[in-house]
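Notes follow the structure.
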Amino acid sequence: MAGPSLRPHVHWAQRHRELFLRVDLSDVRNPDITITDNVLHFRAQGHGAKGDNIYEFEIEFLEPVEPKPVCRMTQRQVNITVQKKESNWWERLTKQEKRPLFLAPDFDRWLDESDAEMELKEKEEEKINKMKIESRVPKDPFKHLKKGYLVMYNLVQFLGFSWIFVNMTVRLFILGKSFYDTFHTISDMMYFCQTLALMEIMNSLIGLVKSPLIPSIVQVIFGRNFVLFVILGTLEEMQSKPVVFFIFYFWSIIELFRYPYYMLSCIGIEWKPLTWLRYTAWIPLYPLGGLAEAVCIVQSIPIFSETGKFSLGLPNPLNVTIQFPFVLQIYLIALFLGVFVNYRYLYKQRKQHLGPKKRKMK
């Protein structure tokens, strides 16, 4: 059981428009920080000068302040920022003339009134200069048109891959259809979606999106479209194999989260469950999709060897022929290297969007 409440050490500093309070408490739990009738009330469980205990204090400010403090907690302290209702310099912090024993100046942030006025003047000049620079930058007259295009593009792709996913799920798990007719029932929509995906290269090329151009080309043209148009689209023997089902299914599931995430991002909306799915679902699905593509390529190599399709004979004294199955073997190595590289890239993105952030309380 916690002992009686104690007062922590509190350090303060001011500017013309705000007050800074630093409470020396570590590992703070259950903080309760409010301002009522111009009095700051603080109560929290934490580790201070008297060990782990409940610490609390009250400060009645010299002049009126805004009732909503901004608090930021770190592992070692609690930082509280309070806005003054009027911009002026206070002779002291509290209404009572005698300074409380637990309160001391924060010399790390302390400024004299003249220094604070200079800082305020510099901030005002910086703000004015920023406004001048922004006014010189020409506004994009096509901004809303570009945003509308990106929203529609991502919406169409989401609807297309949703149709693929729902159709495959219903056919297999409800109607009991086999794996073997997947290509003949789904290929038209998959052709449409993957052909439309070529626009992602154009979007990156003209700067509509921030995605780098080379990875977009590799992923769209030499990734899915190579498997879809070159392997499956040209070999009828491959179109009836069960691996087609798994390729299409894994592709569609990934896009069910990716395209709506980008669509909402275009209009400045973030839905946290969707963000989590966007940067988490790829962990099992991406390697499974890569494995399915690799199986498809391995199964196609004997067929290309037998038919000689896409093999290229060069006019030279040695009569050298570039065998397409050899190209596919090289492609397999590049495929697994690409999966590894993209896995690292996506993992970094996941840490950036879902990694731990500083705790913030208002």
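Every residue gets a Cβ built from N, Cα and C, even glycine.
Taken from TrEMBL, the feature domain 'CS' applies to 5-94. If you look up TrEMBL, you'll see 149-169, 244-264, 285-304, 324-343 marked as transmembrane segment.
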Chain residues outside the transmembrane segment (285-304) and at least six past its termini with a C-beta under 8 angstroms from it: 227, 231-232, 235, 237-238, 241, 243-244, 246-247, 250-251, 253-254, 310-311, 324-325, 328-329, 331-332, 335-336, 338-339, 342-343, 346
Counts of helix, strand and coil residues, the domain 'CS' (5-94), according to DSSP: 0 helix, 57 strand, 33 coil
For the transmembrane segment (149-169), distant same-chain residues with Cβ under 8 A (at least six beyond the ends): 182, 185-186, 189-190, 192-193, 196-197, 199, 203, 208-209, 245, 248-249, 251-253, 255-256, 259-260, 262-263, 266-267
Surrounding residues of the transmembrane segment (244-264) on its own chain - C-beta under 8 Å, 6+ positions past either end: 150-151, 154-155, 157-158, 161-162, 164-165, 168, 172, 179, 182-183, 186, 190, 193, 224, 227, 232, 238, 270-271, 274-275, 277-278, 281-282, 285-286, 288-289, 292-293, 296
